[in-house]
Amino acid sequence: EIIGGTESKPHSRPYMAHLKIITKQGTFAYCGGFLISREFVMTAAHCKGRHITVTLGAHDVVKKESTWQKIDVVKQFVHPNYNSYTIRHDVMLLKLKEKANLTLTVGTLPLLPQSNFIPPGRMCRAVGWGKTSVKESHSNVLQEVKLRLLDPPACQHFPDFNHNLQLCMGTVFKGDSGPLLCARVAQGIASYAHKNAMPPSVFTRISYYRPWINKVLKEN
């Protein structure tokens, strides 16, 4: 992400979480995520690592502000069927060490009931700190881009695409795992795209995972 996007209005997306990850190899990686309750952040399973620190209330991730809340992750709940080869079931919940303080710049993003299935043609927005062009590195400031939900055949050239589990969108680029918003509700999580950032791209379909999400939240 976020190719062809524009900078978000600072703090207009108070649910956004910036993830700093120490990988199993000991290197740093970065992802986006979003706060779904005071204690939990949702992101992609491909963002898992040895240790994760979440920053809430951020716009430019290199310019510290008084709005920031930095909280360590105490537990990573990777979907039990996540497959790093097919990139199916690319969803993870992060339990925070302490509850986030809800403020004007830190808030939660509602998840819809499970029955919600959005039709192709709908315009949505992807939000995150991803790449702004193929040649650029990640963006320091939060970006967003409008994307159209495509008919499933547009993603059939991805061998592991499954319409029930995933959404086929116009393109975003890698490095993100932020939310896909349709009518201000989280419908997807950025999962993968072509290496050259040509459309389309694949998002995890949140509605399919509601039973698992509800179970994790209830038990923890």
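Cβ atoms here come from the backbone N, Cα and C positions, even for glycine.
Pulled from Swiss-Prot:
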| type | residues | note |
| --- | --- | --- |
| ACT_SITE | H46 | active site, charge relay system |
| ACT_SITE | D90 | active site, charge relay system |
| ACT_SITE | S177 | active site, charge relay system |
| DISULFID | C31-C47 | disulfide bond |
| DISULFID | C124-C182 | disulfide bond |
| DISULFID | C155-C168 | disulfide bond |
| DOMAIN | 2-218 | domain 'Peptidase S1' |
| CARBOHYD | N101 | N-linked glycosylation site |
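Sequence features annotated in Swiss-Prot and their locations in the structure.
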residue : record                           : DSSP (3 states)
C31     : disulfide bond                   : strand
H46     : active site, charge relay system : helix
D90     : active site, charge relay system : coil
N101    : N-linked glycosylation site      : coil
C124    : disulfide bond                   : strand
C155    : disulfide bond                   : helix
C168    : disulfide bond                   : strand
S177    : active site, charge relay system : coil
C182    : disulfide bond                   : strand
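Counted over every protein chain shown, other Cβ atoms within 10 Å are most numerous around S177 among the recorded positions H46, C47, N101, C124, S177. The most densely surrounded of the disulfide-bonded residues C31, C155, C168, judged by C-beta neighbours within 10 angstroms, is C31. Sequence-distant contacts (6 or more apart, same chain, Cβ under 8 Å) of C182 (disulfide bond) comprise I118, R122, M123, C124, R125, L149. D90 (active site, charge relay system): 26 other CB atoms within 10 A of its CB, across all protein chains. Nearest in space to D90 (active site, charge relay system), taking C-alpha to C-alpha distance over the recorded positions C31, N101, C168, S177, is S177.
Comparing Cα positions, S177 (active site, charge relay system) lies closest to C31 out of the recorded positions C31, H46, C155. If you take the Cα of C31 (disulfide bond) and the Cα of C168 (disulfide bond), they are about 20 angstrom apart, rounded to a whole number. Of the candidate recorded positions, H46, C47, N101, the one lying closest to C155 (disulfide bond) when CA atoms are compared is H46.
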